[in-house]
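Positions annotated as compositional bias 'Low complexity' by TrEMBL: 279-292. Residues or ranges marked as compositional bias 'Polar residues' by TrEMBL: 523-535. The compositional bias 'Acidic residues' feature in TrEMBL is assigned to 536-545. According to TrEMBL, the compositional bias 'Basic and acidic residues' annotation covers 593-602. The domain 'BRCT' annotation in TrEMBL covers 339-429. Marked as region 'Disordered' by TrEMBL: 278-302, 523-602.
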Amino acid sequence: MGKHYRPPGKKKEGNAARYITRSQAVKHLQVNLPLFRKLCILKGVFPREPKKKVKGNHHTYYHLKDIAFLQHEPLLETFRETRVYEKKIKKAKAKKNEERAKRLETQKPNYKLDRLIRERYPKFIDALRDLDDCLTMVHLFAALPALEREKVEVKRVHNCRRLSHEWQAYISRTHKLRKVFVSVKGIYYQAEVQGQKITWLTPHALQQVLTDDIDFNVMLTYLEFNETLLAFVNCHLYHSINVKYPPILDPRLEALAADLYALSRWFAASTRAPLVDPQASSLSGSEQGQGQNKETSLEESELRLAQLQQQLPSNEPGALMRLVEDVAGEDEEDEDTKECKKLFRNMKFFLSREVPRESLLFVIPAFGGMVSWEGDGAPYDENDDDITHQIVDRPSQTRKILSRDYVQPQWIYDCLNARIILPTEGYLVGRVPPPHLSPFVDNDAEGYVPDYAETIKRLQAAAKNQLLPLPGVGREDLEDPQSLLAEGVIDRAEANEAAERKRQIMTLRKQYEDEIKIELQGASYSSAAPNQTSAEDMEVGEESLPDLQQVAEDTTSMSKVMMPRKKRGLLEAIMKGKQRKRDQVNLLKERKKKIEERQKSK
């Protein structure tokens, strides 16, 4: 029979009816390929892999329902109108009509992605679960240089930097940071917000070089969606702690690149702002109405900025990182938050100019500490007598103050990962610090526990007044004291027996050495005392002569006494197995011997 033929007009079935290739989808939507790719990224539509590829393996397939979902998207019409305006602007510039080109630029249709955020994330917890890649990309573009040829604008870089600092200020303010790990790629952070663990990566503060093998058009499309998502999350989180969003920063601190410190001051001003102005409450009703009319005439941003400047002096040391203060109406904190909040309490840090300032400004206040740095806009200078630790990352420190410790930045990260204040001797300036262990690795699951991890575990147990088991003793032994007591009695009895055997061996050894000395002096033992020997002495001597088998058994028992209980039990099981095999061999030999004797007798 020939190949199955489908008549024209007959309905398709199977994969041919459910999937469509990318070229067919672009033709169906009447858009070009870059616009189709952008629309798929914003709507969250991705290619599918059908079981049977109708058009071949070299095509990209999409589900037909996804394409129908894109067909009814209002953004599609906006993109088409934008494309029409771009053609008009290009035509006006070609005709040297600058006035018409500028007017068309102002009339170009704009769009927002707020509706897509609410559509893709119906609940706020869904947005938090999808925040890992979003934070990583926003922090990446916040560290990139602005390039016109790659369409990385200065305005977009500044926006990413602002959003990242707003997120860090909230995490630091609410003490939600849990883990930090410094790697070659960058610094990994993990925070716990509303029960969700969020992990992101920030690049090191180094000069970034952009390569040509990256499609920045696709990256910028993802970034456009991630910026809207992070702004939505920040707004919701700020309102949850009764802080206005977006915050207004001190322009002087913003010009000095101290955005994170400026955000902390905004938190402090917002939490300390009174609900009713006491001066306004003392006025009459008419005066209050006039004052309200005057306030409504002012712009909201100017009013909030003036209120911030009046409430918070420009260089108040107590205003540094007010993230440790409680907010009225805040939910009850969990145990981890309380522990993180008290780690660096009553400790003041000062950062030298060579350390990663932004990372430490984010980490130290998140665990309850106060921090300053070397430069303009700092809350206190290096000569402050209350500074307890100075973070230095150089081979040597010439000028030292005896009232503070000079430690390396790794000490901060190791302390917060261990949740205890580690000794500073191994992290002093000029010394090779201990290994920086990753808090994201489970040593027990990996099967290898580093030595420094064991040291940290001992320090944690000492800080919490816990009793750790000795080497060779498990947790189950600590939970069952009767087994430990019985084991102690058995060990004591075995130790006494071994001591008695050792004493006998030493006595026999001393006797043997005395006989050797007498022979070396030229006289034999028998000639030195010919008449002193008797039958009884000979019997005693025969009894006191050392038995080689007994000596070997005594040595084995001594080694067994020094072993832990588990290893000793394993050794006894091995010895029993060997003895059982010997008994079986001897039994076989006896049977064979009996059979041979019977055959001979016959």
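Glycine residues also receive a Cβ, built from the backbone N, Cα and C atoms like all the rest.
Residues of the domain 'BRCT' (339-429) grouped by DSSP class, helix first, strand second and coil last, total 26 helix, 15 strand, 50 coil. Mean pLDDT for the domain 'BRCT' (339-429) in this predicted model: 89.
In the compositional bias 'Basic and acidic residues' (593-602), the DSSP tally of helix, strand and coil residues is 9 helix, 0 strand, 1 coil.
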